[in-house]
């Protein structure tokens, strides 16, 4: 016979001691759980990573982040839905999907753009928002950019990706990174942070591009050079032309930093060869036992 449901009806054996006390411990656990509200049991499988819980009351309340300007995308379904940043933003209600051929009046981040995004675009973004193309970098040639219509198509300046797929690669930003960068450069810092806070790796984007209060971490760059905070420097520009000049300055600084690093390594290697005997560099002696260069020749 099956056991009685001790949660719905008292049992005549409930007060009897049992060997090991296991039943009593299980019963106590059930009683504790019954005394809690249903909202106190987190449903981790259905809980988005960006959820915010307000602990000011006994019951947890769910508050979704909100952005008060249009945020949109053209999605070409190139990416794995489980890893696609655009689809995650859609699940969170932070982005709207556009039909191919539809017109968007705000700033569109697109490789078709001629001008780079700049603080001069702030009014357009504040009024009409930002849109991006959600596609795979590997299939960029398959995108019908002629059907993506906007009077304000923009390029992004030099930035490093922090997403798990292209971490540390220049230019290879994904959907949410492109949106956040555009918001930041145009002066909507809070919107940028709202978007990236929905991703566990989001803080890395600020670190590698120089917008973190912690130690700046840069790949392919010297963190001690004055030009490390890319986004902050772009934000100080007044126009697309100034952002383009700043980009060239940053790239030149990175190239100089790289070459200086190579020169230091080459110099250190040369010093090591002269001061420390390297058996791999020994010169074989002639048949008569003499060597073309003896240790005395170096003095």
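Placement of Cβ uses the backbone N, Cα and C atoms for every residue, glycine included.
What TrEMBL lists as compositional bias 'Polar residues' is 1-14. Feature annotation from TrEMBL assigns region 'Disordered' to 1-61, 257-299. The compositional bias 'Basic residues' annotation in TrEMBL covers 15-30. Residues or ranges marked as domain 'RNase L inhibitor RLI-like possible metal-binding' by TrEMBL: 69-102. Taken from TrEMBL, the feature S-adenosyl-L-methionine binding site covers 85, 133, 156, 171. According to TrEMBL, the domain '16S/18S rRNA aminocarboxypropyltransferase Tsr3 C-terminal' annotation covers 107-210. Sequence annotations record features per position, and here TrEMBL assigns compositional bias 'Basic and acidic residues' to 259-284.
Known features from TrEMBL, placed on the structure.
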{"residue": "85", "record": "S-adenosyl-L-methionine binding site", "DSSP (3 states)": "helix"}
{"residue": "133", "record": "S-adenosyl-L-methionine binding site", "DSSP (3 states)": "strand"}
{"residue": "156", "record": "S-adenosyl-L-methionine binding site", "DSSP (3 states)": "coil"}
{"residue": "171", "record": "S-adenosyl-L-methionine binding site", "DSSP (3 states)": "coil"}
Fewest other C-beta atoms within 10 angstroms, as judged across 133, 156, 171, which are the binding-site residues: 171
Spatial neighbours of residue 85 (S-adenosyl-L-methionine binding site) that are distant in sequence (at least 6 apart) but have CB under 8 A: 163, 174, 175, 176, 177, 199
